[in-house]
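**Q** Let me give you the structure first, and then I'll get to my questions.
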Amino acid sequence: MKPRRVGMARGYEEMDGANVPRPPGSTATVGGAAVVDAIAGGAGPPQSPGTVVGSMLAGAAPEFELASVSVVPDDTYTVTQAVNALGFGWFQVKLSLCVGLCWMADSMEMTILSVLGPALHCDWGISRYQQALVTTVVFLGMMLSSTFWGHLSDRYGRKPVSNQCIRIIAISHLYALTLCGVLLFLYGLLSSVAPSFGWLLLLRGLVGFAIGCVPQSVTLYAEFLPTKQRAKCVVLLDCFWALGACFEVALALAVTPTLGWRWLLGLSAAPLFIFAIITPWLPESARYHVTSGQSDKALNTLEQIAKDNRRPMLLGRLVVEGPSGSRGSFKALLGSSLRRTTLLLWFIWMSCAFCYYGLVLMSTELFGGKNKTIIDGGMADDGITIDCQPLATTDYMDLLWTTLAEFPGIFATIYVIERFGRKKTMALQFLFYAGCVLMITVTEVRVFLTIILFMARGVIAGLFQAAYVYTPEVYPTALRSVGVGGCSALARLGAMATPYIAQVLFQSSIWSAVTVYGIFAVCASVACMLLPYETRGADLAH
């Protein structure tokens, strides 16, 4: 068996007479007819495949069947064509479970912030501004790390980090996502034994820095999805986020009232340990390998997809889908062709995170505020009497109900996004969210309040996933990870600001707080319609 050349699929040259030069005068059998090479002995000009086949048919026997002839004018294919041809199968199912676990762990670390603030307020007597700071420091770490991980992923691959880059911390041959999982587990566990508020802030900030790598898992996931299934699968990935949020609320209900918030932090780190174990089996992006000149590695990945999905591997030569451009360059995001898209997406992502996490924190304030009690002799650092607001069982149940709203929000987004497009879907969801949060001020009945929060939570959760669908589609391969990382960084900026509205301003004026969220949502809706590209039904940009 002949050795496989770089850029050729296995079996490509192993087929007798297929794409292998023949010596002058040799013959090849097609459909039972012997054909003499048109350039035998070097006589005559080279002829096209269509000319040769036409000559064959002219002198073929009557029983010769045209269906037995296969003419392939171009024997090349791209990663996009291969992924679409190999379809959705067991390979994508395994990848969905791995990335979904990462998303679930991220959700748990975010949801715990809505429970941790009130618990620390009662246990350590921290002020409202300090509660907001606990949330802000996590998103600060995420903002600082998002572009860092995105830059490394585009320059050195989605999964591995270059030895030269990680040699600074004396670690080599580790994977970026594996490193993130290990760090998340370690810092999450250490947070549960933090001796003081200062140490807790430091450790939660490090947790946020490690979480910043999570969006790269979605980028990797999207690149292995066929065009027709990409939007549905990326949106369905939010099911793992919703599952993690629900699990965290249920865990808080079971653990916090009896064992306290330290046990909650420790137990919440368990999924991160599992994720760190399974990440070495994640595949590298075939698109990244092709654009970086590693076609043989890309072929190995595509052949694994074919094997897992039980599909025949494409024959031909794997080629680059388009010009690679400036790989991993953050400046390229603001080039003339992408500047408008990038700036609008930055504002949309910032508004989306601002509104989503604001709603999560407001829900805790609305439910927990019904149980306000004054601790005898309790004083905060600024001399203000501590108004402890421990969450009761009914509060946890209402939080669980509003969190479950993310599931119908996900499925509604799947239905709408393929019929109305990405831009219109996001614009309508922002407007619906604005209407829901403004309705919070018109009722104090707990049942109606829960219904309003349920609808708002479902809409904003689906909106977040719609943004995750659109963003990887609009950026070229060379800038996809840094593009998503940049958007994620701006989202963290919105999340950093939202605690001071949802936890501080909300206490003094509910109307002022919800008005701020309504204005941001309306402005973001306009930004969605101003986006220059609609990516529904399009292949990933080259």
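Placed from the backbone N, Cα and C atoms, the Cβ positions cover glycine too.
From TrEMBL, here are the annotated features:
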REGION    1-26  region 'Disordered'
DOMAIN    95-536  domain 'Major facilitator superfamily (MFS) profile'
TRANSMEM  165-190  transmembrane segment
TRANSMEM  196-222  transmembrane segment
TRANSMEM  234-255  transmembrane segment
TRANSMEM  261-282  transmembrane segment
TRANSMEM  343-362  transmembrane segment
TRANSMEM  399-417  transmembrane segment
TRANSMEM  426-442  transmembrane segment
TRANSMEM  514-533  transmembrane segment
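How about a rundown of where these features are and what they're close to?
**A** Packing against the transmembrane segment (261-282) from elsewhere in the chain are residues 95, 98-99, 101-102, 104-105, 108-109, 112, 115-116, 119-120, 123, 159, 175, 177-178, 181-182, 184-185, 188-189, 191-193, 217, 220, 244, 248, 251-252, 255: each is 6 or more residues past its ends and has a CB under 8 Å from a CB in it.
Sequence-remote contacts of a segment are chain residues at least 6 beyond its ends whose Cβ falls under 8 Å from one of its Cβ atoms, and for the transmembrane segment (399-417) they are 111, 114, 231-232, 235-236, 238-239, 241-242, 245-246, 249-250, 253, 363-364, 367, 391, 425, 428-429, 450, 453-463, 465-466, 469, 536.
Proximity of distant same-chain residues to the transmembrane segment (514-533), defined by a Cβ-Cβ separation under 8 Å and at least 6 residues beyond the stretch ends, is recorded for 340-341, 344-345, 347-348, 351-352, 354-355, 358-359, 423-424, 426-428, 430-431, 433-434, 437-438, 440-441, 470, 474, 501, 505.
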**Q** Taking only the residues in the domain 'Major facilitator superfamily (MFS) profile' (95-536), give me the average pLDDT of this model.
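**A** Looking only at the domain 'Major facilitator superfamily (MFS) profile' (95-536), pLDDT averages out to 79.
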